[in-house]
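Engineer: Okay, handing you the structure first.
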């Protein structure tokens, strides 16, 4: 029963324990090839196969993964599809975007002031003026905006019934036409 569990098809086959880690094998293969323009992926793969012999079934996938990982971390540099070790005298690679401003060191007794609040700062107020007046807009004398709704009261209903004249109908009243005037003959 224990033998069946170890050879389960769900578990991936394990690599031989005598193999070093892939980054070590890749760096050793690049050094062994010793090309001045670098080594491509297929030559690195052939060198690893020749040196270590028995490799896992997913060797090409593992090699691609570790080459990309080492390239991203800066352990390898890719030039014209060839991988090589970075030049130790080369300046470090700068990332994307604008570099941050250099920060000046504060003296040990100084404290940081709180950051400025967001938004536009308010206009300075004159301490001598006691009354603040708003400038009038169009000069109509009316306040801006919609007027407030008037509250309904019980006393307003009898006043509508007490008005004189015929009751008004619903809707817009009809247009009143002026009487036709007959032309005057001489």
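Here the Cβ of each residue, glycine as well, is placed from N, Cα and C on the backbone.
From TrEMBL, here are the annotated features:
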COMPBIAS  143-152  compositional bias 'Basic residues'
COMPBIAS  153-167  compositional bias 'Low complexity'
COMPBIAS  176-186  compositional bias 'Pro residues'
DOMAIN    18-87  domain 'H15'
Engineer: When secondary structure is assigned with DSSP, how many helix, strand and coil residues does the compositional bias 'Basic residues' (143-152) contain?
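Structural biologist: Going by DSSP assignments, the compositional bias 'Basic residues' (143-152) contains 0 helix, 0 strand, 10 coil.
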Engineer: On the 0 to 100 pLDDT scale, where does the domain 'H15' (18-87) sit on average?
Structural biologist: 89
Engineer: Tell me the residue counts in helix, strand and coil for the domain 'H15' (18-87), as DSSP assigns them.
Structural biologist: 39 helix, 7 strand, 24 coil
